[in-house]
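Presented below is the structure to which this report refers.
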Number of protein chains: 2
Amino acid sequence: MTVTAPAGFEAAGIAAGIKRTGALDLALIVNRGPRVHAAAVFTSNRAKANPILWSEQVIRDGVVSAIVLNSGGANCFTGPEGFQVTHRTAEAAASALGIAAGDVLVCSTGLIGDQLDGEVLEEGVLSAAARLTADGGADAARAIMTTDSKPKTVVVEGDGWRIGGIAKGAGMLAPGLATMLVVLTTDADLPSGALDAALREATRVSFDRLDSDGCMSTNDQVTLMASGASGVVPELDAFTAALVDACADLARQLQADAEGASHDIAIEVRGAVTEDDAVEVARSVARNNLFKAAIFGNDPNWGRVLAAIGTTTAPFDPYLVDVSMNGVRVCHAGRPDRPRDQVDLTPRATHVLIELHAGDASATVLTNDLTHDYVHENSAYAS
Amino acid sequence: MTVTAPAGFEAAGIAAGIKRTGALDLALIVNRGPRVHAAAVFTSNRAKANPILWSEQVIRDGVVSAIVLNSGGANCFTGPEGFQVTHRTAEAAASALGIAAGDVLVCSTGLIGDQLDGEVLEEGVLSAAARLTADGGADAARAIMTTDSKPKTVVVEGDGWRIGGIAKGAGMLAPGLATMLVVLTTDADLPSGALDAALREATRVSFDRLDSDGCMSTNDQVTLMASGASGVVPELDAFTAALVDACADLARQLQADAEGASHDIAIEVRGAVTEDDAVEVARSVARNNLFKAAIFGNDPNWGRVLAAIGTTTAPFDPYLVDVSMNGVRVCHAGRPDRPRDQVDLTPRATHVLIELHAGDASATVLTNDLTHDYVHENSAYAS
């Protein structure tokens with residue numbers, strides 16, 4: 001059911017012919033109301049794809065009736081022609097649905113620098129609009145896949161309302177700058193300002209802490225649409241908590257499907273002065289190629305952890321730090337502790353605990369290891 | 001001749017038994033004067049190895065008579081016992097040479113978290129001191145190698161004076177946190193303040209712009225020692241220029257020997273507002289795994305270049321940027337230009353030119369590609 005699990009939403013996923021393989025490549029998700037409130041967050045990359053430039057304008061009034069997503073091409077660095085394709089896509093949806101183009105978000109994912117065919121997109125949108133159903137969420141989830149091996153979906157039950165979601169990609173880990181696209185829907189009745197606050201909090205502690213390979217896409221977009229069809233106005237805290245659950249679930253699915261990865265690594269930092277410090281420390285490890293290659297080799301190389309966190313500005317004394325891997329403390333107060341051969345790194349799930357002993361704040365960043373398959377898939381894609 | 005090319009220096013490189021293989025593993029370089037002036041720069045990693053902690057104190061007065069370097073162990077995160085080993089190493093050199101321990105620098109390289117044997121170090125230093133010769137520089141260059149496939153050396157001729165140098169490692173690219181260690185010698189007669197200024201300028205535009213894998217070592221040290229034995233006091237500008245040449249030459253040798261690399265990539269940024277901006281932009285590309293994997297695959301994926309530079313804070317418009325690879329402009333004003341199949345990326349030497357059209361400053365950062373061999377060597381080392 002995914003994005004069509006909450007009342008008020010219809011969706012379709014079709015093969016529009018953008019991908020040469022004939023696979024599903026275009027999704028349309030429509031909010032039938034009675035409310036058409038929405039919020040969205042976008043990539044912070046200054047190199048923004050055309051659909052991002054378009055969608056940033058659409059979301060300004062907090063009103064969104066539909067979203068079109070295509071795989072098979074990122075429509076980034078494609079100039080004014082590329083922007084026209086995005087515009088034409090939104091106009092097609094507006095025409096088919098009897099709504100304003102300015103209430104249609106557009107997302108694209110695929111290779112940068114390739115021009116999309118506007119006619120193919122337009123015909124695809126019209127075709128998708130004719131196939132909208134209240135159980136089309138599963139097809140929509142498949143249609144946004146690029147190198148994903150499986151669709152990512154989530155449903156969270158609230159008290160009289162629901163949140164549904166679909167996602168694709170894993171940060172910038174997938175080849176060709178494949179993108180993280182997420183669409184969340186809810187039949188809760190909340191205004192766009194509340195949706196925006198909840199979405200920013202949820203993405204801050206979920207997708208923003210998934211750092212598979214440190215690369216930031218030009219096309220990332222996370223969208224939340226609310227129909228109000230449940231007639232229930234939830235407490236914002238309860239809604240935010242459910243949205244956090246939904247986003248965290250999708251983030252774990254993205255991590256688990258990260259291309260070429262053989263380990264899902266949770267880097268937990270405790271004892272930081274602030275939560276931002278904890279994130280900075282965890283992220284420095286998540287982005288360290290030497291550490292990530294060591295985990296691939298099942299090597300509990302804690303020296304690489306300490307060398308990574310030594311590059312941060314977070315306040316702590318490197319010579320007070322403890323490091324544990326999968327429950328075995330291999331470094332205590334900046335010195336060797338239990339023998340590294342006691343650490344079993346053969347499971348895919350890997351837990352690295354870094355205790356800074358500087359304060360009370362903590363955070364966890366999710367990442368993957370650096371593997372032969374990562375290099376292979378990211379060197380062979382476009383050539 | 002290397003570090004013994006300038007007058008006033010003797011060196012030795014021996015097998016002290018630190019490495020189990022019996023390879024050369026300890027170098028001693030002595031400045032016989034008449035001057036014993038020196039300068040040094042150290043890793044900016046807050047997780048500093050014991051020899052760094054020691055050497056930072058030694059260099060404070062600008063007086064250095066000798067430097068001991070060992071491979072086979074980084075002596076980092078080894079606690080007070082590790083610091084005592086460093087101290088004992090310096091005392092051994094002082095005793096053998098009749099100088100003060102406070103005038104002896106120590107450098108170590110190898111795996112983090114392993115304790116060095118102080119007795120082995122002490123005996124090694126005494127043995128090396130007995131074998132000092134005026135042509136021992138070549139052995140010293142070999143004795144500091146870890147996973148280097150060849151020694152790195154340089155000699156630059158000044159006007160009546162010389163600079164000699166040795167180096168090992170490549171940033172943090174080599175496995176086990178292998179370190180960049182550099183020793184430069186000169187028989188020019190310059191005070192330590194002038195040496196310090198020249199060294200900081202030279203490292204700023206050479207080693208600091210070699211970013212093989214974005215990882216920062218706990219043990220990096222670049223040392224410059226001046227004997228004054230030529231009797232010539234050069235102009236500081238001329239000396240600095242020669243030192244830049246020496247450091248740039250060694251940096252290129254480090255890049256060319258980077259582990260597992262199949263491409264030596266020069267990322268040149270032109271048209272930046274400031275030189276710092278140009279470095280930031282170039283470094284963002286040098287640290288982008290997707291770009292580095294693409295180059296390994298001989299794929300001129302300019303979209304990954306633009307996605308990388310979009311994450312910087314340097315002032316420029318991504319949609320005015322030109323990107324050329326090996327002389328072929330594949331992106332003009334943020335749009336596709338010449339076909340990517342016109343780019344030949346089969347040569348090891350790779351040139352990426354990024355024209356920002358925002359100002360007049362430029363800079364080049366050197367890096368390597370991300371290869372299967374990099375992953376293999378960095379995942380298999382310590383296990």
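Here the Cβ of each residue, glycine as well, is placed from N, Cα and C on the backbone.
Annotated in TrEMBL:
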type: BINDING; residues: A:Thr146, A:Lys168, A:Thr179, A:Glu259, A:Asn378, A:Ser383; note: substrate binding site
type: ACT_SITE; residues: A:Thr179; note: active site, nucleophile
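Overlay of TrEMBL annotations on the structure.
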{"residue": "A:Thr146", "record": "substrate binding site", "DSSP class": "coil"}
{"residue": "A:Lys168", "record": "substrate binding site", "DSSP class": "strand"}
{"residue": "A:Glu259", "record": "substrate binding site", "DSSP class": "coil"}
{"residue": "A:Asn378", "record": "substrate binding site", "DSSP class": "helix"}
Near-B candidates in A:Thr146, A:Lys168, A:Glu259, the binding-site residues, by Cβ under 8 Å:
none
Could you tally the C-beta atoms, other than its own, that fall within 10 angstroms of the C-beta of A:Glu259 (substrate binding site)?
24
Can you tell which of A:Thr146, A:Asn378 has the least company, meaning the fewest other C-beta atoms within 10 angstroms of its C-beta, among these binding-site residues?
A:Thr146
